[in-house]
Amino acid sequence: MKMTNTKIALLVGLGLLAPLVIYPVFLMKVLCFALFACAFNLLLGFTGLLSFGHAAFLGTGGYVTGYLMINTGLTPELGILCGTLAAGVVGAVYGKLAVKREGIYFAMVTLALAQLLFFVYLQAPFTGGEDGLQGVPRGFLFGLIDLTDNTYLYYVVYAIFLFGFWLVYRTVHSPFGQILKAIRENEPRAISLGYNVSQYKWVAFVISAALAGLAGSTKTLVFQLASLNDVHWHLSGEVVLMTLLGGMGTIAGPLVGAGVVVTIQNYLSGGELGNYVSIIMGVIFIICVLLFRNGIVGELQRLIKRNFS
Amino acid sequence: MKAIKKTLLCTGIAAAMTVSAAQAAGISDDKVKIGVLADMGGVYADICGEGCVTAVQMAVEDFGGTVLGKPIEIVSADDQNKPDVGSSIVRKWIDNEQVDTVTGLVASSVTGAVAKVLTDSKKIALISTSASHAFTTKACSPYNVQWTYNVVALANGTVKPMVGAGKWRWFFITADYAFGHALESVATEVVNSNGGEVLGAVRAPLGTTDFSSYVLQAQSSGADVIALANAGTDFTNSLKTAAEFGLTQTADVAGLLVFTSNAQALDPEIAGGMKLTTGFYWDMDEQTREWSKRFKERHGAIPAMGQAGAYSMTMHYLKAVEAAGTDDSDTVIRKMKEMKPDDFFARNATLRNDGRMVHDMYQVRIKRADERANPDDIFAIENVISGEEAFGPMLAECDFK
């Protein structure tokens, strides 16, 4: 599916007008998770690596941003930058260790490392343990724009999301992205063509981790809170669900998946079915895996292909 | 799209105008809306949860359903014990649903996050069940009101008399998270300042099921008192293990935070005789029995102290709104602190400027099987501690006038 300029302009415009109709904080939550899922999709969908510890990067970004903004009075853009860098550094270390293994072992290594970090954040005094970092100031963007206003903040978050989305899009559609796809499709062949596969995997891992950190930093700014839930393995599982549901290996899939999952969680948690959120999510996951394995966007693309070309 | 934008703009302006018009009349948005935020299905569901919603509903009904001629509405939500879930619900309540105050508030981590959001929007947090004393000390705010108890009162109520009775040497089994650490440090202070000695402490993760190694460490310490600085199922599990190892025979086991539902769930053979501190007990006198009977008819169980507290503080809030003639938070909170809370729950009570409601606390003993007349007959009240003694002095920097 080729994106034409009109289509892109239309979608971007839709995002600009959205806060007039929908509650901005909810939209920001969707955008943060969409960015997180996009980052994850770069690894799972385009490189074929299932990381089961991506929450560690989201959480690291969140904690670093939160801590710096509370204690040093950094401006939000610098806080987010530091959070993203920190997640990138953690990603670089974890990636180095994890790419040595493949398949289920890769997933287990990432999960183990993420649990390690979870325990550190649980015990380290600077994270506030179970309480998390509370009351993170939103501050003034570039020292000028007051982000306590939800509408202003929405546009900042939207810009960050577009940047992340564009970065993933560019990565996937670059020669580098082609090699990643080659690794996904047939790793031994990529090796035989002379590519240093683990180096490519590692770079993809670091980009993905940094983007997840960017999502976490932004989320901290939105909710003024960094908590243990951001590093919990539940969240690592949730991002897998978002990506699979939306359509793994499609550009727009994670965005759709994150939108669906966050919407379900938000609307169910307030109602009668509040206690059944995890069961409903589980059923959706099973249905998705059994009936439409390409995810929402993947199936739509197939339908369009079948009917119009 | 243009048309939609225009309509939205118009409604926006119209809404803004109604808000300013209503504020002049006293009640914003033509209603007083109370949010109840609690863990509805998790580990703390019994001690607040739906029961807190019922209690708040009862308060609204007993008040007459309207204040200053405007209806009182209630919304409730499940925070799942997650600070991010709780704070985003409350943000939505304030931004979109004109909620004036939030009560319930159980897990200290959620309460901390929510109280910050409420303070930022100048709304009152009516904290019914959280244990942490941070909300009226290091994280105090002019908009925080904490009603039922806190860790300081628990430590003063339970630890002090035991040290006074010659139990000098203490050992802690502590839940390994913020609440447990706070409880342990406050209790340690009380032990030390009264001439006792803390031999050591062992930290068990939240949700531990096998406490045997922790209990053995406690046993080998040779302490007079093993204090359980944990709550909920952690408390019941650790106590059961202590009983299995015979620890309850050789030393005193002190539960620092015990709710009626925990005590009810335990075998009286194990728990009988244990002393603890509570902010409320249903079977204290005629007044408490009358209210608790009504509560039980609706909810199906006797009220936990936080649920009784939620009723009492909602009532006090509504009375303050009526007396102030407005639901403007700054005016109402001043009125709440001026008026003396006085009902079946709040005895000899004042709401201090730091937001701490100081009232009588009770030292109770869990009854043995042969003392119990019925399944709800759990505690025997041994001693009443005055609020000043239990809660200690107010910090100067939290004295919001």
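Residue numbering: from 1, along the chain as shown.
The backbone N, Cα and C atoms fix where each Cβ goes, glycine too.
Annotation comment: TrEMBL describes A:6-26 (among others) as transmembrane segment. Panel annotation: around the transmembrane segment (A:6-26), residues 150-151, 153-155, 158, 162, 222, 262, 266 of the same chain, lying at least six beyond its termini, place a Cβ under 8 Å from a Cβ of the stretch.
Beyond the transmembrane segment (A:33-58), the same-chain residues lying 6 or more positions past its ends with a Cβ under 8 Å from any Cβ of the stretch are 87, 90-91, 94, 98-99, 103, 106-108, 110-115, 117-118, 160-161, 164-165, 168, 171-172, 177, 180-181, 183-185, 200-201, 204-205, 207-216, 218-219, 230-237, 239-240, 242-243, 246, 248-250, 253-255, 257-259, 261-262. If you look up TrEMBL, you'll see A:33-58 (among others) marked as transmembrane segment.
What TrEMBL lists as transmembrane segment is A:78-97 (among others).
For A:104-124 (among others), the entry in TrEMBL reads transmembrane segment. Residues 49-56, 59-60, 63, 90, 94, 97-98, 130, 228, 231-233, 236 of the same chain, all 6+ positions outside the transmembrane segment (A:104-124), place their C-beta atoms under 8 angstroms from a C-beta of that stretch.
Positions annotated as transmembrane segment by TrEMBL: A:152-169 (among others).
The transmembrane segment feature in TrEMBL is assigned to A:202-227 (among others).
Residues 30, 33-34, 36-38, 40-41, 44-46, 50, 52, 54-55, 165, 168-169, 172, 281, 284-285, 288-289, 294-301 of the same chain sit 6 or more residues outside the transmembrane segment (A:239-261) yet have a Cβ under 8 Å from a Cβ within it. Annotation comment: TrEMBL describes A:239-261 (among others) as transmembrane segment.
Annotation source TrEMBL lists transmembrane segment at A:273-292 (among others).
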